[in-house]
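So that you can see what the record holds, here are the features copied from TrEMBL:
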type: TRANSMEM; residues: 45-60; note: transmembrane segment
type: TRANSMEM; residues: 80-102; note: transmembrane segment
type: TRANSMEM; residues: 122-147; note: transmembrane segment
type: TRANSMEM; residues: 153-172; note: transmembrane segment
type: TRANSMEM; residues: 184-202; note: transmembrane segment
type: TRANSMEM; residues: 222-242; note: transmembrane segment
type: TRANSMEM; residues: 263-291; note: transmembrane segment
type: TRANSMEM; residues: 328-347; note: transmembrane segment
type: TRANSMEM; residues: 367-386; note: transmembrane segment
type: TRANSMEM; residues: 392-412; note: transmembrane segment
type: TRANSMEM; residues: 424-448; note: transmembrane segment
type: TRANSMEM; residues: 468-490; note: transmembrane segment
Amino acid sequence: MAASSSPQPQFMTNTANRSLSNQPLIDDIECDQIVVPDKKSWKNIFAYIGPGFLVSIAYIDPGNFQTDLQAGAQYKYGLLWIILLASFAALVIQSLAANLGVVTGKHLAEHCRKEYAKVPNFILWVIAEIAIVACDIPEVIGTAFALNMLFKIPVWCGVLITGLSTLTLLLLQQYGVRKLEFFIAFLVLTIAICFFVELGYAKPDSSEVLQGLFVPQLKGSGATKLAISLLGAMVMPHNLFLHSALVLSRKIPRSVNGIKEACRYYLIESGLALMVAFLINISVISVSGAVCNSPSMSPDDRDKCEDLDLNKASFLLKNVLGNWSSKLFAIALLASGQSSTITGTYAGQYVMQGFLDLRLKPWIRNFLTRCLAIVPSLVVSLIGGSGGAGDLIIIASMILSFELPFALIPLLKFTSSKTKMGSHANPVAVSAATWVIGTLIMGINIYYLAEKLVTSLRDSHLGKAAKVLCGILGGSCLLVYLSSILYLAIRKNKEGTHLLALTGQEGLQVSDINNLPREDILRMQLPQQRTTN
């Protein structure tokens, strides 16, 4: 790539206190960067593989497994279409998050800090942090269940052990982001193999599975609740912050063609990773549906299917399909919980750095998040046992679904803005499709909230005055929720990205954000980088 005639910084920094110097911000290119060759070749896709698989972990975490198991146990294959819809929506939305980072050189949280005033920015940060904690709760409980299945460790002890286990895996960072990406991909492959083998044991009816995939149906408020949980477990708000930051670890050619190629290959890579996650989720629901509707089940096992959680699923699989099936499930659950925690720690780093311009060491960040997640998990597992812990996973997944608009709407507005994305802004068709998807998700959430409020008040034994008071409070909260969403949707973008000449001409170079990767993003992933003297 031709050098600029005037000295330029390697990329635009986002901190106000850092001066722009002519010295490159990364000294040792060979050691610290994943460089994409500046030439047209299909082999370039190998340089882009990695972020999509890190992001896909969130789609196969213990929260997904819990909701998948309950969906299969209660409605057999009737909610498979939700997984298909959520996977399609996830691919579109995750590709937009990747495009935002590639084109602008900033991730979603940084754009929010630049775009919104202090109070809305702080509120969005708090919501993002709550989402990360809500995501971490299923990972803690899921790993504790896996330890219980494999080594008979009590669930509450497993919760405590899980608080420290991931710190060991974070040591992989010192060997480079590439090796960490390969390790995560290996864990994804392990999960896939385990559940595909389970699928071979269970032998679900293929025609019923296809019908569940392509014939939408929701039978009752229980199905609506599970549908919201499935959406919340599939499309997670923290994943949007994570993906837009992970793509900054690549040094791509900063030409119009180079940016287009990066966006295209990240779309392909995300599609491959999410396809694997989609097949795993389909396998979990199909196995649960086939096992809980098996004619050879004992009455005790049928009772377990009425309130199926991750822990009961292991013993259910052992009784119906055999001991090996139970062990495979436990191994997959352990791999899922540990890998999800690593990506959750990264997401927390990027959220904190982007919204507040504050960075913590990964182990400190992991410790703080884990403490917030362990306290409710430990209390619930001690009081309510494995059943209470399983219910907490469903609640956490629903919280994620309700918080999704506060990450999704800024992403849709930023990627549709020509002041931020230049010629790479979303086409009208893509914008329309993504807004339809977002409106659908938000509509389901609002419908469930309103229905839950009405039915709770109707079936409660409170007096008339108390019901009126609760109705006013609940309606006010729903109104605040709607108003916040409308504020984000209607408000006009103000902050541009200062793209100098991103007009779509073929040979054009973008001089204002010359080269990726971002040094601060790399340092969050590689805290012990080597530098040249």
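Just so it is clear, glycine is given a Cβ too, placed from its N, Cα and C backbone atoms.
TrEMBL: automatically predicted annotations, no manual curation.
The model shown is predicted, which means the values in this text are computed figures rather than measured ones.
Ranked by the number of CB pairs under 8 Å to the transmembrane segment (328-347), the listed stretches 80-102, 222-242, 263-291, 424-448 are led by 222-242.
Here the transmembrane segment (80-102) sits against the transmembrane segment (263-291); at least 3 CB pairs are under 8 Å, leaving out pairs fewer than 6 apart in sequence.
Remote same-chain residues near the transmembrane segment (263-291) are listed as 44-45, 48-53, 55-56, 59-60, 64-65, 68-73, 75-77, 79-80, 83-84, 87, 90-91, 94-95, 98-99, 102-103, 188, 191-192, 195-196, 198-199, 201-205, 209, 213, 234, 243, 247, 297, 305, 308, 313, 316-317, 320-321, 424 (criterion: CB distance under 8 Å, separation of at least six residues from the stretch ends).
In summary, the transmembrane segment (122-147) does not lie against the transmembrane segment (468-490): fewer than three C-beta pairs, each 6 or more positions apart in sequence, are under 8 Å. If you count C-beta pairs under 8 angstroms between the transmembrane segment (468-490) and each of 184-202, 222-242, 392-412, the highest count goes to 392-412. In this chain, the transmembrane segment (184-202) lies apart from the transmembrane segment (222-242): fewer than three C-beta pairs between them fall below 8 angstroms, excluding pairs fewer than 6 positions apart. Sequence-distant contacts of the transmembrane segment (222-242) (same chain, at least 6 residues past either end, Cβ-Cβ under 8 Å): 54-55, 58-59, 61, 63-64, 66-68, 70-71, 74-75, 78-79, 82-83, 86-87, 89-90, 93-94, 97, 107-109, 127-128, 131-132, 135, 138, 281, 343-344, 346-348, 350-351, 354, 394, 397-404, 406-408, 411, 441, 444-445, 447-448, 451.
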